[in-house]
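Input: a single structure, listed below in structure tokens.
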Amino acid sequence: MVFQPIHEEEQVFVDYAIELVKKAGTLVRTAFDSPESKVDTKSSNTDLVTETDQAVEKLLIEGLSERFKGHRFIGEESVAGGAKIEWTDAPTWIIDPIDGTTNFVHRIPMIAICVGLAIKKQIRAGIVYNPITNELYLAQLGKGAFKNGFPIRASKNQLLSKGVLCQSLGLHNRVQFGDRWLDIAQSNMRNQVMAGVRGHRSFGSAAINMVMVAQGSCDGYVEYGIHAWDVAAPSIIVTEAGGVVTDPTGSPFDVMSRKVLCAGTAELGRDLSACLTHVDFEPEA
């Protein structure tokens, strides 16, 4: 696919967002190296927010809104604070200031600043930046996927028996499903083991899990109960790296559906989907 902008300033948008993300990364690194952070909980004790999350989102939204009038924003902390998700055709920035806040709180260096750009409800660009390891992933529709400027490619493995999967227990889903969720999650992982999967890994961040698939380190990833800001940016990085992103049922991916499956190949994705007990969520928009 050849890059075909659908807005005359689309490249300007992305270039400026990269500048802001790097600036935000300096803020995150400084806080990561500090002895402690103020931590609050949101929906449960697994849903954390720090003052750094809030400061990064403020920096990104203020910087982008000052430069680009009329743009819309969907930010994790803004929504947690009561902002309504407005999913329109206008240029819309979908932002997770720190994906992997629990990792950040515990000083585990697997975190990501995530910024996705949608125009006319199509994800056009994604930036995923781990400021601790200084790894910046970037993709634009039709331009390919890159890590620190170098092209990345998803695995071509088609077999679960040769695959390493990213998957967690998804304890946040107990808020909606109660203890039934533990049975679902354990059944899903057991089915994958019985199908012969080589191993499981979980990096504590949806975005990090997805870019691991994009760069071919892992072969697949599935998650239920995530949000648009977790997956908007990394979803285009996976597809531009040659991978596939779908609903866990195999139907087309909807960034607002609160669930995702990605894989290096469609064949492995289909086999992974067949291992799952599927659940639904109220769409975010």
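Placed from the backbone N, Cα and C atoms, the Cβ positions cover glycine too.
Counting only residues at least six positions away in the same chain, the Cβ atoms of ILE111, ALA112, ILE113, CYS114, VAL128, SER205, ALA206, ALA207, ILE208, TRP229, ASP230 sit under 8 Å from the Cβ of ASP99 (substrate binding site). Annotated substrate binding site per Swiss-Prot: GLU76, ILE98, ASP99, GLY100, THR101, GLY204, SER205, ALA206, GLU223, ASP230, in sequence order, evidence recorded as similarity to another entry.
Annotation source Swiss-Prot lists Mg(2+) 1 binding site at GLU76, ASP96, ILE98. There are 24 other Cβ atoms within 10 Å of the Cβ belonging to GLU76 (substrate binding site).
If you draw a 10 Å sphere around the CB of ASP96 (Mg(2+) 1 binding site), it holds 33 other CB atoms from the protein chains shown. The Mg(2+) 2 binding site feature in Swiss-Prot is assigned to ASP96, ASP99, ASP230; the stated evidence is similarity to another entry.
Candidate binding-site residues: GLU223, ASP230. Fewest other C-beta atoms within 10 angstroms, GLU223. Within 8 Å of the Cβ centroid of the Mg(2+) 2 site, not counting the listed residues ASP96, ASP99, ASP230, the chain contributes GLU76, ILE98, GLY100, ALA112, CYS114, SER205, ALA206, ALA207, ILE226, HIS227, TRP229, VAL231, ALA233.
Cβ neighbour counts within 10 Å, taken over all protein chains shown, single out SER205 as the most crowded of the binding-site residues THR101, SER205. The DSSP secondary structure for SER205 (substrate binding site) is coil.
There are 30 other Cβ atoms within 10 Å of the Cβ belonging to ILE98 (Mg(2+) 1 binding site).
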